[in-house]
Amino acid sequence: MERERHVPVLLQDAIRYLNVRRGGTYADATLGLAGHSSAIARLLGPGGTLIAFDRDPEAMELAKSRLDALRAELGSEMPKVILHSTEFSEAEDLIEPGSLDGLLADFGVSSLQFDEAHRGFSFQADGPLDMRMNPRVGLTAAQVVNQFGEKELADLIYEFGEERRSRRIARAIVRARPVSTTAQLARVVSAAAPAMKSERIHPATRTFQALRIYVNQELGQIEALLKVAPKLLRKGGRLVVISFHSLEDRIAKDALREGGQQGIYEVLTRKPLTAGEEETDRNPRARSAKLRAAEKK
């Protein structure tokens, strides 16, 4: 299964820019399936501390199992691990100011979320229109699709999906209601806005992205984390951010640039790092990944 062969995106670059030091304190804001966290833990040693966040209860349980297996493997070399089943925007309340040697945030949706049809993130397999990273909290994508007005839907799809044909898509969704599954929504969107020859993505990709971002308030979460990051890092501490679409990357780019201009950060990546051909062949999801890094002055 995907969860068993999960390989974190840009792993070696992330570890290199984090500059993981034995005995240090590092935070993984997006634990996911613990790929990055496991690599960090291997380098920390018994005097180190790893703090990790994830609001997805299912991912947290799987990550705990992976970290337990790593603890059995490393024995006395395993660092202290502190896990928080909550949104990473709450890091300010859970991490001591100036205590981190490094903070990693990988904003991509995990393979677990994409590959499990019942989570409703993907049109690749039919499932209920849910899309919540924490299935216990907030509106589902189905509620948004079926309850929002046409203009509200169009604006949402345009803003968070950067979809130029948002009005046409919103009109088709309203006419097709009720829309309850991922496959049904994908069919409605594809019929309203067929794929253009110049595009390599599925015609429903941007609409699904927009709904997911809205349902999980993803951009607000990212902004909150990047705003508090300088307070959590000690002098010389590293911030490493991996984004997967232009909206995320724009927020990261602006935060690091502003931090550099204000003398808070030394920006370590003039241009974002991207995955090489070998990695993208192994993991096609890495194609859109961009890594940016900075060091607190």
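For all residues, glycine too, the Cβ spot is worked out from N, Cα and C.
The annotation S-adenosyl-L-methionine binding site is assigned in Swiss-Prot to A34, G35, H36, D54, F88, D106, Q113. The region 'Disordered' annotation in Swiss-Prot covers 272-297.
By a simple count of nearby Cβ atoms, those within 10 Å, the most crowded of the binding-site residues D54, D106 is D54.
The Cβ of H36 (S-adenosyl-L-methionine binding site) has 27 neighbouring Cβ atoms from other residues within 10 Å, across all protein chains displayed. According to DSSP, H36 (S-adenosyl-L-methionine binding site) sits within a helical segment. According to DSSP, D106 (S-adenosyl-L-methionine binding site) is assigned to a strand segment. Just so you know, the Cβ of A34 (S-adenosyl-L-methionine binding site) picks up 28 other Cβ atoms within 10 Å once every protein chain is counted.
Sequence-distant contacts of F88 (S-adenosyl-L-methionine binding site), defined by Cβ-Cβ distance under 8 angstroms and a gap of at least six in the same chain, are A29, T30, F53, R55, A105, Q221, L225.
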